[in-house]
C-alpha cells in the first residue's frame, strides 16, 4: 500500500500486508529493514540470503496486490513497486486508488475465499449488505439520528465515503467536509488533529442546528434522538472517493455529506482524523452546526474519530476510546440477548483514558487487557479472546472474532428452536460480524459499525459522549541525551530504569485526585514521552510538568527544562 497515512501530503511511504490481510509479522520487519538498507550492488545477495533463511519456494508463482492513496507521488511509487516485483518474476495486481483497509480486505479474500470477493465491489457489497440487514427493522430508534458530519482529512476516506453511501441506500446521511476538494491532507483536520486539540477540524461554517435535520430522510428515519445524517471529513484522501461508491450501495439508508473530498484541498492538510485528534478542533471546510454528528477519516482511511459541537459550539471529540466502549457495550447486549457465552475483552494501551477503563470494567463488567503502545500489540492481544475489541485513542482499531465465536454465532443465527428474540439477536451479531473488517482498522467499516450501534440504541451523539466523562490529561515530550536509559514494564505503565524515577512518579501521582502518569521512550528519537491525567485539567497539567521535570533531572534531560 503506497501511503503516508495521516502525515502531510508531501510525505509518502509504504505499508506491507501479510497474506491474511493483516499487518506484517514482526520477524519479517527485520528482514524488510535489511533489504531496504541494502546497497544496490548487494541487493541480489541480500535477497538470496532472505530466501534461504525463510525457506521461500521460488518455484511458486508470486502475486503482489498493489494500491495507493491520492498523493501526487503515489502513481510513480506504484510504478516503482511494479517494476521491482516484475523484475523478480512476480505478477502485480494494481487496484489503483483504494483505502488501506480495502487492500487489506482484498488480500485476505484472495487467500481466504470464504471471507469475501477480492475486489473493491466485493468489499462494499459485504459491509453494506450487513449494515442494511441490521437496519431492516427501521433506521432510527430512541435518540439515535442517522445523520453524521465527516471530517475526511482531505484524504482517501472522503472519496470512498461516496461509494459507501451509494450502497447504503439512505440508511445513514453523512455530510463530508475536508473531502480533498480544497484543503490539504491532514492539515487542521482529521482524527489526530481532533483528538490532539480537542476541537473540531477547520472549515465547518456556523449554522442553526435545524439545518442538520433538513438532511434527514423524508420518510421519518429518526426515532428518539438518532438521525441518519452524517458529515464526513474525507481528509482529501481516498476515503472520500470511496464514500461515493458506498452511498450508492446504501440506497438512502444513511445520508453522508462529504467534505475535504480531494477536489480542492491537499491530502491531510488542515483536515483528517489525525488533525482533528491532534489539534482538538474541527477540520477546515466542514460546517460547524450545533449537535450535528461529524466523522473524520485519515488520509488512507484506516483511522476514524467522531466529533460534534454542543449548543454553545464547544468542540467535543469522540476518539478511539469512546468507539471501543460503544462497540463493546453493543456486542455485550447482543451476546446476552442471544444467550451466547464466549469470552469478550477490550484491549487498550496505557494511553487509554482512565475513565474508559473504569467504564468497561465497572459498568460493562468486561475485562481489559493492557498492552504496549502499537497497533500490532493490540491486534495480537485481541486474537487471544473469542471476541477482542481494540481501538487506539487515535481511532485505529477493529473487532476480532475467533473461529469458535464465528461458529457459535452462525449456529445460533440459524437455530430455529430458540426464542425469536434470541435468534434475532444472534442474527444481528452475525450481520455485525460481517460489517466489521477484521483484518485491520477500517474507517469506512468502523463508521458503519458506529452508526449501527447508535441507531440500535437510539443515541444522539451527546448521549454517546455522556456514557462516561474523560479524565483531563496532558502529554509532554522531554528531550534526553539517550532515550534508551528509559526502560519500562507492565505494558509501559511502570518505569524500570532509572531505578529512582518510578518511585518519584508514584509520589507525584499519589498527591492528586484520580492521578495517573507514566513515561516511555520514543521509538524513533531521543525523546521521553510523558502522559498524565487527573480529576481537573489544572491538576493534570501540573502532574505532567512535575513528572517531566523528574525525567529531565533523572534521565539525562537536554535542552530546556520543562516549564509549568
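A Cβ is built for glycine as well, from the same backbone N, Cα and C atoms used for every other residue.
Pulled from TrEMBL, these are the features on record:
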ACT_SITE  5  active site, phosphoserine intermediate
BINDING   5, 298, 300, 302  Mg(2+) binding site
BINDING   392, 393, 394, 520, 521, 522, 523, 524, 529  substrate binding site
DOMAIN    1-27  domain 'Alpha-D-phosphohexomutase alpha/beta/alpha'
DOMAIN    49-109  domain 'Alpha-D-phosphohexomutase alpha/beta/alpha'
DOMAIN    119-214  domain 'Phosphoacetylglucosamine mutase AMG1'
DOMAIN    224-305  domain 'Phosphoacetylglucosamine mutase AMG1'
DOMAIN    319-458  domain 'Phosphoacetylglucosamine mutase AMG1'
DOMAIN    513-546  domain 'Alpha-D-phosphohexomutase C-terminal'
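Structure coloured by features recorded in TrEMBL.
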residue	record	DSSP (3 states)
5	active site, phosphoserine intermediate	coil
298	Mg(2+) binding site	coil
392	substrate binding site	coil
521	substrate binding site	strand
529	substrate binding site	strand
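Using a Cβ-Cβ cut-off under 8 Å and counting only residues 6 or more beyond its ends in the same chain, the domain 'Alpha-D-phosphohexomutase C-terminal' (513-546) has close neighbours at 350-351, 353-354, 373, 471-484, 486-488, 492-495, 501, 505, 555, 558, 562-564. Taking H, G and I as helix, E and B as strand and the rest as coil, DSSP gives the domain 'Alpha-D-phosphohexomutase alpha/beta/alpha' (49-109) the counts 30 helix, 13 strand, 18 coil. Every protein chain shown contributes to the tally, and the Cβ of residue 523 (substrate binding site) ends up with 10 other Cβ atoms within 10 Å. Applying DSSP to the domain 'Phosphoacetylglucosamine mutase AMG1' (224-305) sorts its residues as follows: 20 helix, 27 strand, 35 coil. Highest local Cβ density among the binding-site residues 298, 392 belongs to 298, counted as other Cβ atoms within 10 Å over all protein chains shown. Residues 65-69, 71-74, 77-78, 81, 98, 100, 103-109, 111-112, 115, 153-154, 156, 184-187, 190-192, 235-236, 266-269, 272-275, 298-300, 302-303, 375-376, 379, 439-440 of the same chain lie 6+ residues outside the domain 'Alpha-D-phosphohexomutase alpha/beta/alpha' (1-27) yet bring a C-beta within less than 8 angstroms of a C-beta in it. Among the recorded positions listed here, namely 5, 392, 394, 521, 523, 5 has its C-alpha nearest to that of residue 302 (Mg(2+) binding site). Apart from 5, 298, 300, 302, the Mg(2+) site neighbourhood in this chain, defined by C-beta within 8 angstroms of the site C-beta centre, holds 3, 6, 69, 99, 100, 155, 156, 157, 237, 273, 297, 299, 301, 303, 396, 443. Checked against residue 521 (substrate binding site), the recorded positions 5, 298, 300 differ in C-alpha distance, with 5 being the nearest.
Candidate binding-site residues: 300, 302. Fewest other C-beta atoms within 10 angstroms, 302.
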